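As recorded in Swiss-Prot, the features of this protein are as follows:
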type: TRANSMEM; residues: 13-33; note: transmembrane segment
type: TRANSMEM; residues: 142-162; note: transmembrane segment
type: TRANSMEM; residues: 170-190; note: transmembrane segment
type: TRANSMEM; residues: 192-212; note: transmembrane segment
type: TRANSMEM; residues: 248-270; note: transmembrane segment
type: TRANSMEM; residues: 280-302; note: transmembrane segment
Amino acid sequence: MTFKFSVIKQRLLWWSISAIAILASVLFMGISFNQLQAPLRPSLDFVGGTKIQVALDCTVAGNCTDPLETATIQNVVNNQGVGSSTVQILGQERTTFSVRTPQLDVDQRSRLLDALESEVGALDPGTIQIDSVGPTIGRELFVQGMLALLVSFFGIIVYLSIRFQFDYALFAIAALFHDVLVTAGVFALLGLVLGVEVDSLFLVALLTIIGFSVNDTVVIYDRVRENLKADEGDNIDQVVDHSVQQTLGRSINTTLTTLLPLVAIFLFGGSTLKFFALALIIGFICGSYSSIFVASTLLAWWRNRNGQPPTVTKEAVNVTELS
């Protein structure tokens, strides 16, 4: 028994799911912009400054009896006159905290740590982590990352327009925007709820997602083009459905085998790679979904709407003449 699956018949459902996901993502980024003046919670990589993370020394008797309070640490930081700052309590036991401030020199950092120790108790020197990035470097990293994204989008449009046609490229880019927006929306929500910050690794993840998604879309589009050449009389809806059926197993298998190591990294990897892996997991799932259910159905809808014949290239005409 052959499994027949039609993406065209349920395309309004697929588009509705994507529309809801995109609207939710825009909403989360809007709330984040209202609260943080940025659509995502930026790390030091982008805004510059100093971040100090340290834990209480629980080997000292009674030092970790009471959990840390954000307000207590915030008052200490404010009294040091270091400017606007952000305090986060980390871990379930609430014995670790981080403080992010404008850029501090060595003396200012030492005074701040001394003041914190006198207020909240002994700090474990082995857990002190200090990161400092200048504001100019942060801006340069952000600009370079955005430029890389724009160049990748432009390159994809040019490549797909040459290999296929412009409408193929247009809907492939629409699918990529879908993947990037949904991934960013999830991280906007994580930034609001859990204080998750995005750094330069997040931009690397977005570029990787773009590459994965466009590759998946090209596989389906290539099958559509070949089927159009072989069956010129078929309706574009039939061709797209048949093409998706032919490539569905490949798309699912590729996505699953890619996700397995990423899930392992997310569950067992270090804190640096955890959210990088999560971004890739979300993006790859979205990329597979958009390639199968969004890019292909949009192409069929557009061709039907404009009354374009299914033949995509002169090459198809030549094949017919030779036969």
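Each Cβ is built from the backbone N, Cα and C atoms, and glycine gets one as well.
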Restricting to the same chain and to residues at least six past its boundaries, which positions have a Cβ under 8 Å from a Cβ of the transmembrane segment (280-302)?
-> 7-8, 11, 14-15, 17-18, 21, 167-168, 171-172, 174-176, 178-180, 182-183, 186, 205-206, 208-209, 212-213, 216-217, 219-221, 224, 236-237, 239-240, 243-244, 248, 251-252, 254-255, 258-259, 262-263, 266, 308
Best-packed against the transmembrane segment (170-190), counting Cβ pairs under 8 Å over 13-33, 142-162, 248-270, is stretch 13-33
Looking at the stretches 142-162, 192-212, 248-270, which one shares the most CB pairs under 8 Å with the transmembrane segment (13-33)?
-> 192-212
Same-chain residue ranges lying at least 6 outside the transmembrane segment (142-162) that approach it to Cβ under 8 Å = 42, 45-46, 168-170, 172-173, 176, 180, 200, 203, 206-207, 210-211, 214, 218, 221
